[in-house]
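Before anything else, here's the structure in question.
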């Protein structure tokens with residue numbers, strides 16, 4: 001592939017991005033799209049009159065708003081997870097700004113003039129002429145590559161240290177908080193032993209009253225709701241109620257018994273309701289705990305147990321309760337909106353079987369996915385493609401088609417196949433039995449990250465038959481040499497992948513393609529004029545974090561081998577910084593906060609990227625017969641590993657455990673201020689497994705625990721002008737973004 005092919009791919013992606021960004025700046029001004037681009041919870045806000053011409057003129061004012069947004073704004077609106085993600089982008093921008101300057105000054109000239117040859121015009125030069133493959137063996141100029149790698153590694157470690165320290169301080173502030181968090185007084189108990197003489201509830205009370213007599217406060221059981229809970233889930237996702245009736249047709253008698261008290265008359269909509277015969281747009285099921293029939297409430301072996309102090313709850317969560325490790329298993333309770341209720345009823349004995357099964361399924365999926373990746377990679381090899389499909393020879397001889405097939409089509413095909421990965425990994429993470437939504441999303445994030453690094457990098461590097469790929473990894477001692485041979489060859493493919501998967505994905509992300517089409521379908525096909533739908537979109541960390549870290553991985557591994565990838569990566573991270581800030585501010589609703597636990601994933605990914613890049617450099621210098629450069633890589637590799645060990649010892653415990661000193665100080669502070677009694681009164685109703693729809697609407701966000709009474713839930717909202725583009729929206733500058741119904745004007 002030559003420079004013209006790269007420019008062709010770049011031009012296609014630039015045109016696509018400019019078109020979609022311009023279309024977005026127009027669509028976001030339309031009042032009918034406020035649900036899409038400003039969150040469904042903002043749908044009933046006031047709309048300021050705008051001149052009809054202004055509404056259809058593209059404008060970049062959203063870029064200015066995203067740029068001017070401070071970290072405190074991101075923390076208030078999106079929570080600590082949003083800040084951690086934003087810091088990943090800031091780290092990447094700083095890191096690859098340095099790498100781009102260093103590699104273009106030191107590495108790129110050495111690569112281009114690495115051997116004597118017949119030089120062509122720059123547009124006609126092959127991309128391999130700008131890689132380390134063009135440097136002859138035994139060259140004295142390889143010290144430039146070694147020096148560049150040292151500068152990149154030192155810069156990365158320095159930035160990682162300060163970012164890790166900064167996120168650790170923010171997490172401590174998050175834990176302390178200005179208002180009490182009742183979830184810190186609770187633990188989740190699973191594996192409660194069954195007794196014929198007493199119920200689960202009595203068993204829990206007897207156990208904790210006896211062994212935690214001075215600190216035990218109360219407890220709350222988790223129920224196997226069965227049909228009722230499944231019907232509530234279908235209703236929450238707003239599926240057609242007819243589907244829910246068909247699904248539960250075998251339990252019709254039981255459903256009628258349960259819903260006889262709780263069902264109200266259906267609202268108007270476009271189709272008839274199966275219960276009352278009226279038109280159904282929504283059925284308001286009163287799912288309050290006390291309104292459900294007794295026979296539908298079957299106690300499970302899981303309970304929330306409350307203690308009088310935070311320290312007592314933390315000690316109980318960390319200790320082994322009995323000599324049988326599968327009984328009375330305790331964990332820190334997640335925040336109420338973070339609880340994944342359907343997984344709490346899973347017997348604890350099944351958890352390890354589920355995790356082994358999902359691990360096997362994930363590995364199998366990774367192996368099977370080699371087939372489409374190999375097919376996509378095969379398109380870059382025209383000689384093999386012409387042998388397999390002779391009838392394409394005439395088409396592929398055309399210059400434009402040649403550039404299109406080799407420079408753009410393979411990466412697009414791979415991107416389309418990769419769209420199926422995040423939903424599959426989220427499903428597997430759900431089946432693992434995680435107790436909270438944030439842990440489930442973190443688990444899916446790790447699976448997607450491993451999957452993409454394996455398939456996008458390693459499988460593409462050793463593209464070919466499955467047997468040849470397995471034989472490459474059979475000999476670990478030859479891995480550096482194999483990587484050194486394969487990575488520079490595939491560097492041009494990774495550059496086009498950044499263009500197609502990176503730039504285009506940002507354009508699709510800001511356009512919100514699926515919500516936009518859903519909104520158009522609902523308005524113009526179903527003829528629905530209801531704008532009161534609540535926001536349901538949360539930030540897809542399990543999709544976006546792996547993508548950002550994958551591009552960082554490609555940047556580190558290809559920096560000294562093929563520096564031409566660095567400007568494209570730098571542009572991607574800069575554009576992503578603006579796009580994701582805009583999405584956090586306007587689109588995604590924060591329902592819970594994971595406490596910034598995504599940052600250790602980013603830290604480990606960067607360290608892994610540095611180590612892989614150093615191993616590849618070690619192999620390259622060995623192939624180029626530069627013993628001095630190879631010798632200098634070994635201490636760099638050891639130093640990177642030692643730095644990683646230090647950071648794990650210094651910062652990671654703060655993301656894994658809670659400090660005893662902090663918990664005791666918080667308990668004494670609340671006792672001194674007289675807040676304990678207020679907390680005890682609220683803690684009994686803190687976790688509600690079957691809330692009413694109105695209650696869940698006002699308490700669904702992650703930060704609703706911050707206030708103990710309704711007076712604390714919603715301070716006076718501030719006004720956030722929607723880029724002065726015609727939408728005047730009042731946004732509560734609160735971490736949970738939880739607006740009371742009274743503020744919706």
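Using the three backbone atoms N, Cα and C, a Cβ is placed for every residue, glycine included.
Annotations for this protein, taken from TrEMBL, read as follows:
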{"type": "COMPBIAS", "residues": "698-707", "note": "compositional bias 'Low complexity'"}
{"type": "DOMAIN", "residues": "6-163", "note": "domain 'CSC1/OSCA1-like N-terminal transmembrane'"}
{"type": "DOMAIN", "residues": "184-343", "note": "domain 'CSC1/OSCA1-like cytosolic'"}
{"type": "DOMAIN", "residues": "354-621", "note": "domain 'CSC1/OSCA1-like 7TM region'"}
{"type": "REGION", "residues": "698-725", "note": "region 'Disordered'"}
{"type": "TRANSMEM", "residues": "6-27", "note": "transmembrane segment"}
{"type": "TRANSMEM", "residues": "95-114", "note": "transmembrane segment"}
{"type": "TRANSMEM", "residues": "141-162", "note": "transmembrane segment"}
{"type": "TRANSMEM", "residues": "359-379", "note": "transmembrane segment"}
{"type": "TRANSMEM", "residues": "408-428", "note": "transmembrane segment"}
{"type": "TRANSMEM", "residues": "448-474", "note": "transmembrane segment"}
{"type": "TRANSMEM", "residues": "494-518", "note": "transmembrane segment"}
{"type": "TRANSMEM", "residues": "548-580", "note": "transmembrane segment"}
{"type": "TRANSMEM", "residues": "600-621", "note": "transmembrane segment"}
{"type": "TRANSMEM", "residues": "628-646", "note": "transmembrane segment"}
Report, as numbers and ranges, which residues of the same chain sit near the transmembrane segment (95-114): CB under 8 Å and 6 or more residues beyond its ends.
129-132, 134-136, 139, 141-142, 144-145, 147-148, 151-152, 155-156, 159, 552, 555, 559-560, 563-564, 566-567, 569-570, 573
Where does the mean pLDDT land for the domain 'CSC1/OSCA1-like 7TM region' (354-621)?
81
Answer with yes or no whether the transmembrane segment (494-518) touches the transmembrane segment (6-27) by the criterion of at least three Cβ pairs under 8 A, sequence separation 6 or more.
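In contact, yes.
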Could you give the residue numbers and ranges of same-chain residues that sit at least 6 residues beyond the transmembrane segment (600-621) on either side and whose C-beta is under 8 angstroms from one of its C-beta atoms?
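Sequence-distant neighbours of the transmembrane segment (600-621): 84, 88, 91, 132, 142, 145-146, 149, 152-153, 156-157, 160, 163-164, 442, 445-446, 449, 479-485, 487-488, 545, 549, 552-553, 555-557, 559-561, 627, 629-630, 633-634, 636-637, 640-641, 643-644, 647, 652, 655.
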For the transmembrane segment (494-518), what are the same-chain contacts with Cβ under 8 Å, counting residues 6+ beyond its ends?
6, 9-10, 13-14, 16-17, 20-21, 23-24, 27, 33, 35-37, 127, 407-408, 410-412, 414-415, 418, 456-457, 460, 537, 544, 547, 551, 554, 558, 562, 564-565, 568-569, 571-572, 575-576, 579-580, 582-583, 587
